[in-house]
Amino acid sequence: MSSRKELANAIRALSMDAVQKAKSGHPGAPMGMADIAEVLWRDFLKHNPQNPSWADRDRFVLSNGHGSMLIYSLLHLTGYDLPMEELKNFRQLHSKTPGHPEVGYTAGVETTTGPLGQGIANAVGMAIAEKTLAAQFNRPGHDIVDHYTYAFMGDGCMMEGISHEVCSLAGTLKLGKLIAFYDDNGISIDGHVEGWFTDDTAMRFEAYGWHVIRDIDGHDAASIKRAVEEARAVTDKPSLLMCKTIIGFGSPNKAGTHDSHGAPLGDAEIALTREQLGWKYAPFEIPSEIYAQWDAKEAGQAKESAWNEKFAAYAKAYPQEAAEFTRRMKGEMPSDFDAKAKEFIAKLQANPAKIASRKASQNAIEAFGPLLPEFLGGSADLAPSNLTLWSGSKAINEDAAGNYIHYGVREFGMTAIANGISLHGGFLPYTSTFLMFVEYARNAVRMAALMKQRQVMVYTHDSIGLGEDGPTHQPVEQVASLRVTPNMSTWRPCDQVESAVAWKYGVERQDGPTALILSRQNLAQQERTEEQLANIARGGYVLKDCAGQPELIFIATGSEVELAVAAYEKLTAEGVKARVVSMPSTDAFDKQDAAYRESVLPKAVTARVAVEAGIADYWYKYVGLNGAIVGMTTFGESAPAELLFEEFGFTVDNVVAKAKELL
């Protein structure tokens, strides 16, 4: 039987060989953390390589995602669908082993990591999901939700601001089943970290309310095992295991230096490392007895089978809850949602109201909340402004089975935590802040889109229309930056009806996040036929029209739709054949078939005016170089909103004048 050290050395060998073959990558972290990974994965981790999506598996997150060969080695050795050929194709086009781990590409990878600090944030989200789901579904004698979230993190994660945001919240929420391993090797890309990172990390985490285990020898299996047992015994606090490790462990000339961090060791050094580790096998060769000891297929299947029996007993005792749990873990919509949502939208159209779209959003949450027990909402300390609370909201810090998170002023942390909640399954998270502060959350927003995760992002106070707070709080370029993010769906509704349609779209969307861009100020409701009402979901539609072919088309979104309608009415009265297109979602519109797009924006009509209180440049793709744009080209100013709209040209007279220049 191979020793624990030999089992860990299998990870080291695969990691240095794959990085060498790829001619790029990060061998240092996998080599340094191999002993920790061996103990966690072989002695503690509850998982089934034959079913990577088993609901009650433990979640493992590699927050220091550059060390991706660590997780690929573990998945390969324990029996996941990751053959040796894929390890040989590390970092190559269309392989299952991309440079940083990507969820959806590789069976067993729980989240996409690489931007440092976001993995631990996702892990906090997963731990919140586990704790909340357990409170919602477990019953006396039936613990069907009972698993841990384990995260590996390095010095880079610790330095990133997001780790401060999310680890602080994790302590406050007492996430006892979150266990993080700190790879304390003292090295980052620039060299030894003493020059730029001298925090007392243990005291920092104790101040957050974590259980901290100091001075673990990260290369001694017995010490690591004792620490994990201690952490699992602490149920009311997350645990940080501070593991002293040597980066590039086993490399005679590069261990303990930044040379092993982000580059292949080189053939000569790899040969010396094999010698030092006593690893007698050729590159990519693993002896059968080491495979046999690593193989987790049988044990994993046994664990899942035992859980299946538990779940069958639960289903017998609580059939309704079991059916609901299954539906939610599959991410399926309730069967009656579509019909009830359409009924709500039709009722709104029949009962006009002049309200802010942020208020319309709250009304939609109020209507959809009772239909969607999977909602897990939250705001970055702006609930009274974002209007994200509804009558059924219960904060999880007050009621463990609740459905609302007070994130505090942590926009980046909030968004990345919500990604983790979404990845875990069983919930549909929505988050909120002022649109301006999407800037703080930006990379987690991008990661949601990249990972195709469901999340409804509620962004209010969407333009100069917020008024007196001034340019620090007035978004200009933010909507455009969301629109150009691949796989992000962005909606800027013009009234309560479009707001509800946008919410329905975001809730039903299965393959990515949806951003709702909402006003502070009240917006007039537009009249619509049944056909126009149905066409809102297509992203853009004809709201006002003329007989026959128009000479001129206005395209507008959000608060500027009523301005475009007023300009249209003025020109129509003067005998101009004009049309107004409301375009709440450019991405939804762009997905429509060519015939529909042509029916809304005929190519023959080149006189087009886009009106939006956001950055002007975005609209050239719709108005062409011969069109006109009434938009923002500078930052805003501090003044009452109505004066600002006048100052920046958002008036009927100016819009009409721009239109006439094209005729």
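Even glycines carry a Cβ here, placed using N, Cα and C.
Taking Cβ-Cβ distances under 8 Å and a sequence gap of 6 or more within the same chain, the neighbours of Glu411 (active site, proton donor) are Ala380, Thr433, Phe437, Val438, Tyr440, Ala441. In the three-state DSSP scheme, Glu411 (active site, proton donor) is classed as helix. The active site, proton donor annotation in Swiss-Prot covers Glu411 and is backed by a curator's inference.
What Swiss-Prot records for His26, His261, Arg358, Ser385, His461, Asp469, His473, Arg520 is substrate binding site, and it gives experimental evidence as the kind of evidence. When other Cβ atoms within 10 Å of the Cβ of Asp469 (substrate binding site) are tallied across all protein chains shown, the result is 14.
The secondary structure of Asn185 (thiamine diphosphate binding site), as reduced to three states from DSSP, is coil rather than helix or strand. The annotation thiamine diphosphate binding site is assigned in Swiss-Prot to His66, Gly114, Pro115, Leu116, Gly156, Asn185, His261, Phe437.
Within the same chain, residues at least six positions away from Ile187 (Mg(2+) binding site) with a Cβ under 8 Å of its Cβ are Gly28, Asp155, Val193, Ile247, Gly256, Thr257, His258, His261. Taken from Swiss-Prot, the feature Mg(2+) binding site applies to Asp155, Asn185, Ile187, supported by a curator's inference.
Lys46 (N6-acetyllysine) falls within neither a helix nor a strand when secondary structure is assigned with DSSP, and so counts as coil. Counting only same-chain residues six or more apart in sequence, the Cβ atoms lying under 8 angstroms from the Cβ of Lys46 (N6-acetyllysine) belong to Asp56, Arg57, Asp58, His147, Tyr148, Lys303. The N6-acetyllysine annotation in Swiss-Prot covers Lys46 and is backed by experimental evidence.
For His26 (substrate binding site), the number of other Cβ atoms no farther than 10 Å from its own Cβ, over all displayed protein chains, is 26. DSSP gives His26 (substrate binding site) a coil state; it is part of no helix or strand. Annotation source Swiss-Prot lists site 'Important for catalytic activity' at His26 (among others).
Here Swiss-Prot flags His261 (among others) as site 'Important for catalytic activity'.
Mapped onto three states, the DSSP output places Arg520 (substrate binding site) in coil.
Close to Asn185 (thiamine diphosphate binding site) in the fold, though at least 6 residues off in sequence, lie Gly28, Gly32, Gly154, Asp155, Lys244, Thr245, Ile246, Ile247, Gly256, each with a CB less than 8 Å from its CB. Separation of the C-alpha atoms of His66 (thiamine diphosphate binding site) and His461 (substrate binding site): 37 Å, rounded to the nearest whole number. Packing around Gly156 (thiamine diphosphate binding site) is summarised by its Cβ count: 21 other Cβ atoms lie within 10 angstroms of its Cβ, all protein chains included. Distances between the Cα of Pro115 (thiamine diphosphate binding site) and those of the binding-site residues His26, Asp469, His473 are shortest for His26.
Summarising the thiamine diphosphate site geometry, the residues cited as binding it (His66, Gly114, Pro115, Leu116, Gly156, Asn185, His261, Phe437) extend over a maximum Cα to Cα distance of 34 Å. A straight line from the CA of Ser385 (substrate binding site) to the CA of Gly156 (thiamine diphosphate binding site) spans 34 Å.
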